[in-house]
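*Asks:* So Swiss-Prot has the following annotated:
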- 1-9: topological domain 'Cytoplasmic' (TOPO_DOM)
- 10-30: transmembrane segment (TRANSMEM)
- 31-440: topological domain 'Lumenal' (TOPO_DOM)
- Asn72: N-linked glycosylation site (CARBOHYD)
- Cys73-Cys230: disulfide bond (DISULFID)
- Asn108: N-linked glycosylation site (CARBOHYD)
- Cys164-Cys384: disulfide bond (DISULFID)
- Cys185-Cys212: disulfide bond (DISULFID)
- Cys393-Cys425: disulfide bond (DISULFID)
Amino acid sequence: MKMAGWKKKLCPGHHLWALGCYMLLAVVSLRLSLRFKCDVDSLDLESRDFQSQHCRDMLYNSLKLPAKRSINCSGITRGDQEAVVQALLDNLEVKKKRPPLTDTYYLNITRDCERFKAQRKFIQFPLSKEELDFPIAYSMVVHEKIENFERLLRAVYAPQNIYCVHVDVKSPETFKEAVKAIISCFPNVFMASKLVPVVYASWSRVQADLNCMEDLLQSSVSWKYLLNTCGTDFPIKTNAEMVLALKMLKGKNSMESEVPSESKKNRWKYRYEVTDTLYPTSKMKDPPPDNLPMFTGNAYFVASRAFVQHVLDNPKSQILVEWVKDTYSPDEHLWATLQRAPWMPGSVPSHPKYHISDMTAIARLVKWQYHEGDVSMGAPYAPCSGIHRRAICIYGAGDLYWILQNHHLLANKFDPRVDDNVLQCLEEYLRHKAIYGTEL
């Protein structure tokens, strides 16, 4: 009755006006419906529609990655000790632990790529023009644990970026097939054209990245920087935050590069040979080419496109590459030394003032067991709340607040078999920040 009275007031009694009145009502109704309608498939964060809180909420609800267990991720990311303790206790309850997703699961779900991407909640459009205009390249080296790989890919995925995946030749066939099935669902993710068997601490780890470098440079995507990852890495910044950090480098690279200790100098004093493992020989190596000063770091880098091009094409770089092939863990001194070489784009001088620690570089955040301690007594970080493997912390929920205070783009190591709560909370945090631009 009230609606009828309202119509009469708006359109008083003349039949000639009836059509116009109903048209007016239709326009009002249409505008109201459009106000609450969002085309999530074609939305981006800078579109007019996205300024609506309603649309933003709809998008987040369609893409959110909430922790599957009853833990307080917002509290954990803010360092709330009660929330952390509850998460650590929850992680100890074996009956609550979910078995990891299998190769077979991914082989089945990827038969329908659209269903796979929707169900696993991949972001399938650029979230801003700034990100669209600044594509990032990834070299992803993996050998096991298919769910870890898929979750890492989902966390760093953006349709404007480009991803090269290198799978260890020694990996099980079902794992290789599952990786192929996943990447077949994305036009900007591909398998490296040349695969090698990767042996711990040997040259093959570098060769895997070099193979991806060659493929990525041949891609049609005009990427600006290359990041390399392994299966235990995870981003701690959104893609938008990474773009901002990379732009601030202004063409420079960012990677650990320090003076080697005496023990590390032994890594290139003798030749090493590879069978199933790496072992030293009694054959001494010649000094580095052109007496180039050697530096040490780690396997991870943030490298400009020009740096990558010079790694592959510059004759001086190629001489050094050949020289380090029979050293121990060459990935930990090749990149660090090239970063101080004067002919390399984006490098820094070899002077001590330019030494770069892993905490100063933005490439990777790692918590080493022998550096852990009481921060009030000068230790660089508190003890690991997870466990240690090869003296590296596999993070637990108690580490997440500290992790998020750092400027690095990615952190290492994560393993859902050790603590899935920290990974789930990090996923939830990153997805919320990507959509809303704010923390949990």
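Glycine is no exception: its Cβ is also placed from the backbone N, Cα and C atoms.
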*Asks:* Using Cα coordinates, what distance in whole Å links Cys212 (disulfide bond) and Asn72 (N-linked glycosylation site)?
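*Replies:* Their Cα atoms are separated by 39 Å.
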*Asks:* These are the disulfide-bonded residues: Cys164, Cys230, Cys384. Which one scores highest on other Cβ atoms within 10 Å?
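*Replies:* Output for this query is Cys164.
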*Asks:* Identify, in sequence order, the residues in the chain of Asn72 (N-linked glycosylation site) that are 6 or more apart from it along the sequence and have a CB within less than 8 Å of its CB; answer 'none' if there are none.
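*Replies:* The answer is Asp80, Ala83, Gln86, Ala87.
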*Asks:* Would you count the other C-beta atoms found within 10 angstroms of the C-beta of Asn108 (N-linked glycosylation site) for me?
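*Replies:* Cβ-Cβ neighbours of Asn108 (N-linked glycosylation site) within 10 Å number 13.
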*Asks:* Of the disulfide-bonded residues Cys164, Cys185, Cys393, Cys425, which sits closest to Cys73 (disulfide bond) by Cα distance?
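*Replies:* That would be Cys425, nearest by Cα distance.
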*Asks:* Quick one: pull the CA-CA distance for Cys393 (disulfide bond) versus Cys384 (disulfide bond), whole Å only.
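*Replies:* Distance between the two Cα atoms comes out at 6 Å.
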*Asks:* Distance between Cys230 (disulfide bond) and Cys164 (disulfide bond) at the Cα atoms, whole Å?
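*Replies:* For Cys230 (disulfide bond) versus Cys164 (disulfide bond), the Cα atoms are 12 Å apart.
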*Asks:* Looking only at the topological domain 'Cytoplasmic' (1-9), report the model's average pLDDT.
*Replies:* 47
*Asks:* To the nearest whole angstrom, what is the C-alpha distance linking Cys384 (disulfide bond) and Asn108 (N-linked glycosylation site)?
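*Replies:* Between the alpha carbons of Cys384 (disulfide bond) and Asn108 (N-linked glycosylation site) there are 37 Å.
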*Asks:* Based on Cα distances to Asn108 (N-linked glycosylation site), point out the closest of the disulfide-bonded residues Cys164, Cys185, Cys425.
*Replies:* Cys185
*Asks:* At a 10 A cut-off on CB-CB distances, which of the disulfide-bonded residues Cys185, Cys393 has the highest count?
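*Replies:* Of Cys185, Cys393, the one with the most crowded Cβ is Cys393.
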*Asks:* Do you know offhand how many angstrom separate Cys185 (disulfide bond) and Cys164 (disulfide bond) by C-alpha?
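*Replies:* Each residue's Cα considered, Cys185 (disulfide bond) and Cys164 (disulfide bond) end up 14 Å apart.
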*Asks:* Which of the three DSSP states, helix, strand or coil, fits Cys164 (disulfide bond)?
*Replies:* strand
*Asks:* Would you count the other CB atoms within 10 A of the CB of Cys73 (disulfide bond), including those on all shown protein chains?
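*Replies:* Counting Cβ neighbours of Cys73 (disulfide bond) within 10 Å gives 25.
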